[in-house]
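Trainee: I have a structure here, written as structure tokens, and I will follow up with some questions on it.
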Amino acid sequence: MKTLVVTGGIATGKSTAIRLLMEMGAPHLRLFDCDAEAGRLLDSGLLKDALIRAFGPGSVDGAGRADRHFLRELVFRNPESRKILEGLIHPLLHQECLAQMQAARQNAAVNGFVIDVPLFFETSARYHQDAVCVVAVSRETQKARLALRNGFREDMIEAILAAQHPIMGKVAKADFVIWNEGPPSLLQQQTQRFHQHFFHD
Ligand SMILES: CC(C)(COP(=O)(O)OP(=O)(O)OC[C@H]1O[C@@H](n2cnc3c(N)ncnc32)[C@H](O)[C@@H]1O)[C@@H](O)C(=O)NCCC(=O)NCCS
Ligand SMILES: Nc1ncnc2c1ncn2[C@@H]1O[C@H](COP(=O)(O)OP(=O)(O)OP(=O)(O)O)[C@@H](O)[C@H]1O
């Protein structure tokens, strides 16, 4: 089983590229999506007490689910709060990812394990991957797509980007780069070639 880390920056197109990759590799690929898994944790209520202790009662709703808007406004403006939130979430994510990877290894029908890790280069967690693929766009395109998709204000966009390493530094460290500045059809073609090369050649 080959393992692939896919990373990049916010709104560079990781999820879109991975969706294509998973369709091309079905049913032999498995995916671990860190954002989705973090979302599940935040919604589960498991972190309720820790969140209240760290950020006050406004950080959760009546059912104990994290208030993502509250947390986003807090952590992207305050690096110390961000580190605390990351400290609650990242170890659990990493542990769960390795467990799912191990389970996938036991399944002879699975030939690839894809890990969507937005903060791969920002953190020290290691995944025993065979390769790292960076999905990248220019900063201008990143900001434009983020504004279009999320409707975030300019200052929130700048705050999130400031919390991430510059995309060109990630490109420099990548084993493979998918440059997603063009139209979706070009992303499809690049992903197709990458899929063939990485999983089949
Ligand atoms: C701040 C939170 C509540 C905002 O939730 P929201 O649903 O709006 O965003 P979502 O989780 O889908 O993340 C979207 C993108 O934001 C960026 N992002 C998220 N957390 C961080 C962070 N700690 N530092 C830098 N960028 C981040 C990533 O590019 C990510 O792909 C959430 O992102 C969170 O809990 N972050 C801390 C956990 C974390 O580090 N997650 C990143 C994946 S490991
Ligand atoms: N080639 C493209 N042309 C135009 N829009 C695109 C292209 N690729 C992706 N998008 C759009 O850009 C936005 C960001 O893409 P996507 O959600 O795949 O990024 P992401 O890196 O997974 O983001 P996040 O880190 O926030 O999860 C989405 O609205 C998506 O539809």
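We number each residue from 1, going along the chain as drawn.
Yeah, the Cβs are placed from backbone N, Cα and C, and that goes for glycine too.
Okay, these came from TrEMBL:
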BINDING   A11, T12, G13, K14, S15, T16  ATP binding site
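Are these features on the surface or tucked inside, and what are their neighbours?
Mentor: According to its DSSP assignment, S15 (ATP binding site) is helical.
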Trainee: Cβ-Cβ under 8 Å from T12 (ATP binding site), same chain, 6 or more residues apart: which ones?
Mentor: V135, A136, V137, Q142, R145, I167, N180
Trainee: From the centroid of the CB atoms of A11, T12, G13, K14, S15, T16, the recorded ATP site, which same-chain residues not already listed sit within 8 A by their CB, in sequence order?
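Mentor: Once A11, T12, G13, K14, S15, T16 are set aside, the remaining close residues are G8, A17, V135, R145, N180.
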